[in-house]
Amino acid sequence: MANVTVIGAQWGDEGKGKIVDWLADRADAVVRFQGGHNAGHTLVVDGTTYKLSLLPSGIVSGTLSIIGNGVVLDPWALKQEVEKLEGQGVTINDDNFAIADNCPLILPIHRDLDGLREAAAGTGKIGTTGRGIGPAYEDKVGRRAIRVCDLEHLDSLEPQLDRLCAHHDALRAGFEEPPVDRERLLGDLREIAPFVLRFAQPVWKRLKKVRKAGAKILFEGAQGVLLDVDHGTYPFVTSSNTVSGTAASGSGLGPGAAGFVLGIVKAYTTRVGSGPFPTELDDEIGQRLGERGHEFGTVTGRQRRVGWFDAVLVRQTCAISGVTGIALTKIDVLDGLDTVKICTGYRLNNNVYDYLPSHAASQAAVEPIYEEMEGWSESTAGARSFADLPANAVKYIQRIQELIECPVALVSTSPERDDTILMRDPFMD
């Protein structure tokens, strides 16, 4: 049996939470390997809605859930999320939850810097969630980060704080802000340390043991490949690598552990915040899709931008991330449309492109080339087999498969976990 790596193959918000939850029932461990609490998952299990932004989706079903070293961890946000889930009856303890002891922390000073920069950016805003993710990754790469393991050695933290605060004090001075309150920061860390340390361990070692026992591991990506710091629509991206290869470096297992790479893809396209969006719809159809799809961010509450399915982008993300098969979500949102469209190429300066150029100005200027297909009036909501789908919906799915050059493994027809059509079992591949 294979391990499975789940990634978003668009700009995030593709419905990864439902798919991961559906797969987590059969996994022995679920691992978050990048990002922070800036990307949310909404799970609906037996009529109960769970909103997660940091914890792996497997925690709801009691599966061993791990936050890997590739994640930047806000310990206060984690505590709040754990307490909220426990209030909903979810059991969280050191038997079913672990945090990498070499995981870098998001501190209040990171949130401060994030907000100051975005406020000063004016029209140049990149749409950050303001939760300190980017600045925390900067400190990680700059070798200034305070990590989970440091919480056990707070009495000897002064040299690290010197280096960290010298950097942030210089930045804060540029915004006419006072220096970091070191005593308050240290006090905050002392207060939160016992909560975090009860879950801290070398998770690479635990995962090695789990894998050696023949267990199935589910790697849960956050956001989407089009937000990858290298391969996304730069600079309108996140601060981490969101491609499947990060599952190795962000968990401590080798690249051979990734297994079946499942790319999650909406049957249309959405994006939160600024940045290029070739198929964006500003008309009544776009408004209808947004309303029917409840397109509001789990974390920020911001309304998502909506557009037609972009086969060019998904073909590109599937290639970059080595996607084995896709899970197509929210097909039911397209029910009732007379016509559906798929972007098959771009036009730019009298040239036709079968990929998205790297330069930001070119990305913003491309014009989509559409292929139109007949829609369907029948409902796809709740369908659990291909035979339950309208003929035109089947044709739409098959055409997507052809254009992105990657097979469809799953189709999701509602937020409910069991409303899923399985064509190819990722764990059996």
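Backbone N, Cα and C define each Cβ position, glycine as well.
Under the heading GTP binding site, Swiss-Prot lists 12-18, 40-42, ARG304, 330-332, 412-414. Under the DSSP three-state reduction, HIS41 (active site, proton donor) is assigned to strand.
Here the Cβ of GLY40 (Mg(2+) binding site) has 19 other Cβ atoms within 10 Å, regardless of which shown protein chain they belong to. For ASP13, GLY40, the entry in Swiss-Prot reads Mg(2+) binding site, with the evidence type sequence analysis.
For ASP13, GLU14, GLY15, LYS16, ASN38, ALA39, GLY40, HIS41, THR129, ARG143, GLN223, THR238, ARG302, the entry in Swiss-Prot reads IMP binding site, with the evidence type sequence analysis.
Swiss-Prot lists ASP13 with the feature active site, proton acceptor, giving sequence analysis as the kind of evidence. ASP13 (Mg(2+) binding site) carries neither a helix nor a strand DSSP state and counts as coil.
The active site, proton donor annotation in Swiss-Prot covers HIS41. Counting every protein chain shown, 25 other Cβ atoms lie within 10 Å of the Cβ of HIS41 (active site, proton donor).
Marked as substrate binding site by Swiss-Prot: THR298, VAL299, THR300, GLY301, ARG302, GLN303, ARG304. Secondary structure at ARG304 (substrate binding site), as computed by DSSP, is coil.
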Item to complete: Name, in the order they occur in the sequence, the residues of the same chain whose CB lies under 8 A from the CB of ARG302 (IMP binding site) and which sit 6 or more residues away.
Response: VAL272, GLY273, PHE296
Worksheet entry | Integer Å distance between the CA atoms belonging to GLN223 (IMP binding site) and ASP13 (Mg(2+) binding site) | 7
Worksheet item: What subset of the recorded positions HIS41, GLN223, ARG304 lies within 10 angstroms of LYS18 (GTP binding site), using C-alpha positions?
Response: HIS41
Worksheet item: What's the CA to CA span in angstrom from ASN38 (IMP binding site) over to GLY15 (GTP binding site)?
Response: 15
Practice prompt. Report, in whole Å, the straight Cα-to-Cα distance of GLN223 (IMP binding site) from GLN303 (substrate binding site).
Written response: 16
Worksheet entry | Nearest of the recorded positions (GLY12, GLY40, HIS41, ARG304, ILE331) to THR129 (IMP binding site) - Cα to Cα | GLY40
Worksheet item: Same-chain residues six or more away whose CB lies under 8 A from the CB of ILE331 (GTP binding site)?
Response: ALA267, THR380, LEU389, ALA393, TYR396, ILE397, VAL411, SER412, THR413
